[in-house]
């Protein structure tokens, strides 16, 4: 019934109270006496929309809509929310507390709020509503008991099930305390929401009605509240909707239909939002204030307790399980353990409220169901670990199960068809029934482990369906048979399905929102296969039904009696009438022909083309496979997230990863039009749109994203971290094509719509981090932020992004195109055999032009060609780059090589070695330039110009231009304007023609050099007259000067003259001067002596292979020797070598002599370097030997050995570069000596040795700046002698002896080393061989252990030689048998 009440101010109540306008003596002039109790606004007779009230017309109406539904910028937890009016003027900030979570409020009409998992709070005069829904509305809970307060307009209805979608709100801790809610320190802010009649009020108090009650929700702020009726009621002037100081930044007044709607306050003592009261009355449409009933704490506590049976305690001492019996006729039951019996109450007939709650306690409890139990609205709460089982197949139904934190319950009881087991609580429920459980599961908190056991037929089904909601729970599968994946759904805010290493196939993923998580949290990799594509033969055929209801898009079959044909129709809407009989379409039916197969294919194609959507998240150790049939063009859209360690595979169709548009509350178009007519264009008509600017960022991480025949797009507000493997696929990173769900926020059903949305802010752009591999005509489009490498074969790469950073990239048969406005940085090496096309775009190599480099990070960049088009085309080559490829500039583009960075003076050794690659410059470029209208700048660059080149404007700073051959013997560099400073031009001549520099308009600068390479040696009589440089006549004579350059082994200085002719000034080559460069020759000679140094190393070790052979008893032996040493010589030469030898020999006793004969193998690894070269020699060899020891003390030793050398060296003189070569050498040596014993334990041993060798000659030929250069060393047979003396002392024990020894030797060459012949354009000269000698000294130990094992260790050095051994350590071991 509808009554009219008005709010009047009461001095007693210190607030507004509701008074009937028809009550006697309650006239407008009277405010002294309460004539009527606070009652209702309008009873709730039906369920309609959501919450609301009266708001002012200064603020956009969408603010109040989003506020009430926790959408837009009012998402739970949001802080410091700034509020602006429709004119963009600042109104205030919601900064007293973070935005509360309104999910506990009934999501349809907002007249009730969940305060306990099974109880809601509202007003008792709302007698018409019988159920509530929460979250996205895909649930319904029925009221089984209204629990009306006796003296207050309040009730706390009980629900039939435990709510799983949301958590109940906290309620006020103070309750009904007079004046409590005037305390601004404790309660600084109050928020309300409701679905009452919707009005907008202007500043004149004029109301405009926007909608009736229960149509939609609105919410906002209210001021502090005064109390009356002993604190049971509170009131405030909420109707003053223009008073922001009193009522906050979003004032709202409760209207008719808002009865029961909640009032929330932030409690600073508890530091959380609490439900303070429920709205009971108002002051009429557009009135001054509202009243609320404060939550009666004692009353609700009483009602909660009334629904509980006595707690059940399991006692181990009683023995046995709690035996649970139940009489379904009476609704009474009992749990008996031993002599103790606990009564319980279940459903009585249709009365669910008769069922009471049971609380179980006692450690490791056991319950056995003897009968099936229907507990009605009664729930089970487990405080301790329990096992619930049945021996006779009994079932249980009720409100649900609560498992406390830290508690584990083993549930071995099945449910019944049509009923869901609701589980909440932070503890773990393990479901371990048997066979097929026809009941469903709804879980809202904690963990549920599905471990259903097979029955005697092998059948397993833990539940017929599983719903995971609220964001709190996790469901774990013990195997893949527990539940049909297609019956799993993630409701409001979702939760986690942990597949636990089990691979599953989903034909549908029913995820309501981002909270849905599909995960695998174990080490065993699981594969999730998506198979949502509809096959034509799976399209169901429907027939006409008298209900006249169906699903739009379904296919219907009609046997037409009028035409004797079989007709097929597609339903267009959810209701229908008769089929058309003339094979036509109308508003309800679409006629699709007479062929069943064609009709089914049409339906399947439409379904597949529409695409599929997953709002949720993929996590953990997963592979995901989505392989669609060929020809399917629909998209799989993911606007949730992914973080998986496996591979996501997509074959055919489309795949879109994108951010998620922020969901907003919305109204019908008629409401939006009505508001727009008043100047408010804020109201939205759908939850998301392509035009909205607010999107949520999403992140996707895969180990690998494998694409085959796929159209892949990374949309706005999405970050992708992965390696993409694309085969015949299109990859668009920064795709403007995006999707919205027109059903977003309203459950698991979705309605996909494709459109475009381009991010204008960097924070909203897509981001890619990783590597892209392209193959088989794939296309990569980079439109947004990109950080990664590209490996492409037979594909295309297009860049339109202004923020692309390329890592190591290799493109084979693949073009790179930079489109207008693009700005890309290749920060690491870039190699392409195809063109790089830069169209009004910028490509930077190594670093951007505005960056200053203080570290050396050299990169190599190569392309078939670098092509610039458009006046805004830019190619920037940063410092420390090695560039290769021709540069072509069509228009007035810009090419810059070198940048402005400076090299750090504190380079590491590694960086110093890297810097040596640049030959003293910061940049190296090899290629030709075709840029007749462009501006080209080079700084600290070595340009190897391998073809005729042109530039409009050229600026050179500390740059060397080397003219090299191309298609013609000589090349020309032509520029209109040249500004050159401290630069050099290296030209070539054959005494007839030469390379040439031509400057057409102006030439400026200073300190520039001209170097000339002579390809042909002129005679002393030749007179040259060859123009090298042509410039305007006004050019300064000293702009260029002749400079000496090292070419080959010589210093070459051209002789230049300057002449004016035909308005031009020319620098003419008249001749040259040449002189030998001793430094280059010395470096070459040092390098050519490497083989001699290696020979000396081998000589010094010929006789140290075996250790002491005296007094050996065995007939044969094996030995191993390891030598490590280093040496040095003139010219900064150093080497370090490691030698490994092994051999075997046999002992022959010949009268007065022991003769040892054997074979040996050897390997040596040598690193050598000097001032101008470095490299490595690896040597392999073998030989044989014989050693004779006379009993008199005399001995001899002979050996012959062959060595093969593999040499790899980098030469930094005369342009020799890398030289890899092989060489061979032979050794033959003989040593004699005599051991004189001074005592039994001391001796002295004079020695003499002669070694002959054969070293192969070596010739090297190359070209240095156009000049033929060679160096040659002849073969040589070195002969080396050595004399010296060794003395030692032996220490002996029972089974061992140790001999210490010291030696001094003089080693000398008896023949000269090989001559070295050096040749260049200046002629040939010879560096004669030489003899060398040195003193060697060392100490050593020889040890014998038993009769078979001998160890030796020796340390040696040399001095006074041109080549010396700096240190050598020799160790050997010998075993005789």
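The backbone N, Cα and C atoms fix where each Cβ goes, and this holds for glycine too.
According to Swiss-Prot, the protein carries these features:
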type     : residues  : note
ACT_SITE : 125       : active site, charge relay system
ACT_SITE : 153       : active site, charge relay system
ACT_SITE : 259       : active site, charge relay system
DOMAIN   : 53-302    : domain 'Peptidase S6'
DOMAIN   : 1111-1377 : domain 'Autotransporter'
SIGNAL   : 1-52      : signal peptide
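Within 10 Å of the C-beta of residue 153 (active site, charge relay system) we count 28 further C-beta atoms, all protein chains included. Of all the active-site residues listed (125, 259), 125 has the fewest other CB atoms within 10 A of its CB. The predicted model assigns the domain 'Autotransporter' (1111-1377) a mean pLDDT of 87. For the pair residue 153 (active site, charge relay system) and residue 259 (active site, charge relay system), the Cα-Cα distance reads 10 Å.
Secondary structure at residue 259 (active site, charge relay system), as computed by DSSP, is coil. On the backbone, the CA of residue 125 (active site, charge relay system) and the CA of residue 259 (active site, charge relay system) stand 8 Å apart. DSSP assigns residue 153 (active site, charge relay system) to coil in the three-state reduction, outside any helix or strand.
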